[in-house]
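The feature domain 'Cytochrome c assembly protein' is assigned by TrEMBL to A:17-184. Annotation comment: TrEMBL describes A:21-44, A:56-84, A:96-117, A:129-149, A:161-181, A:201-221 as transmembrane segment.
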Amino acid sequence: MWTFIHKWGSPKWFYVMSAKLQPLFWMVSLLLIVTGTVWGLAFAPADYQQGDSFRIIYVHVPAAFLAQSIFVSMALASLVFVVWKIKVADMAAKVMAPLGAVMTFVALFSGAVWGVPTWGTWWMWDARLTSMLILLFLFLGVIALRGAFASRDSGSKAASVLAMVGVINIPIIKYSVDWWFTLHQPATFTLTSRPAMPTEMWLPLLVMVLGFYCFFIALTLMRTRNEILRREINKRWVMDLFQEAR
Amino acid sequence: MLNTPAQGGLWIAFKATLKRDATLMFRRRGELLNPLVFFALVVTLFPIGISPDPVVLSLIAPGLLWVTALLAALLSLDSLFRTDYDDGSLEQLLLTPQPLAALGLAKVVAHWLFTGLPLAIVAPLLGVMLALPAGSYMVLSLSLAIGSASLSLIGAIGAALTVGIARGGVLLSLLILPLYIPVLIFGVGAVQAAINGDGIAAHLAMLGALFAASLLLAPWAIAASLRISING
């Protein structure tokens, strides 16, 4: 069991094995996102209050879920990097950050677009929008800090520390912001209780959420592979790889 | 004996670092005043920019004072480790047998004593100028005193991370300001509650909790960040 996990710490092993996993995740994510999109946009019933505008939920909620999950995954990868000095974990953390920032932006933007028909305004300082905006700043901070160091190793370590500090703060920020603004509708679905939405509405949402997660995994694998090649360019096995390809 | 010079315990090293920082601060009195002058100056800008009407000012005064004090504290953070980094004494700090987390904490305590605490003391005076409603002055000072301790602790992490970067000032604010938001929320909340006549205990307790949590966790992050900045 442990040797199996340890093998993934080797860039070469990761590169070879992720090549096999990657197509699987791409296909599943494509399938789920296409299914979820068609189902959500065309077949799910319109909301009795919001009409068709509620269908933004099928992009908004998965993006928001994913943005938060990416920060946690990034912090976990950073922890693995700091504790066990596994370089692949740092590469994964590096490639996750821009994706997380983009997802946060997608969630914010779709939220703003959704705000026009429902609240009649593009922006409202409500708890969840504000938390997401802060999350965006946290992502930007991690990206900027990594880029600010001349040496890549220092940048990696510094960004790892910041990611871990950030992940401890995210729940604190979230609850303190919730305390201050209590305007938004309650959480869309929780893991413990049944959602308030009818099944035919939230089932496509679930499909979309899973599709987004698979997309994230596939993209992270792909970008980590690129990062491995970029950093290990002088290693024997990478050179051999290029020789073969030529 | 505690005072034997040959073998310094943790407490001696802590006190020595604190004393050294305090001495250095006193030798540069101008810098000591800078955050306070900044605080007063920015507070002056608001009546000019928004309205001199006391009714308007009293509405925004709690948030305005807190945000400005927060920015003043942030402004002084960049120099927290900078001079020590430039003259090499930070490396000496790393080489001492005592844990770096404790020595970093001593520097943060010095920073709070000479920035956060004076800001908390001056704030009521500026509150008068902003027509802050009566009955909230003590709470303003108290919330600033507790809150700025957390601000110093959290901010020191960012200062330690950016000390090796030539122009880390702007980056520092990008890293730290998002983490300041909970402190700001409960700090302003306490003052607002005092104005409305609500109970302030909950807000102050939350500020205290944030302080306790950052006191527990921040020194380790500060030590790790300093090691990264110096050793690469």
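In case you wondered, yes, glycine gets a Cβ from its N, Cα and C as well.
TrEMBL labels come from automatic prediction, so no person has curated them.
Non-local neighbours of the transmembrane segment (A:129-149) in the same chain are 64, 67-68, 71, 74, 94, 97-98, 100-101, 104-105, 107-108, 111-112, 123, 155-156, 158-159, 162-163, 166, 169-170, 173-174, 177-178, 181, 184; each lies 6+ residues outside the stretch with a CB under 8 Å from one of its CB atoms.
Residues of the same chain lying 6 or more positions beyond the ends of the transmembrane segment (A:201-221) and with a Cβ under 8 Å from any Cβ of it are 18, 21-22, 25-26, 28-33, 35-37, 39-40, 43-45, 47, 57-59, 61-63, 65-66, 69-70, 92, 95-96, 99, 103, 188-189, 195. When Cβ-Cβ distances under 8 Å to the transmembrane segment (A:21-44) are tallied for each of A:56-84, A:96-117, A:161-181, the top count falls to A:56-84.
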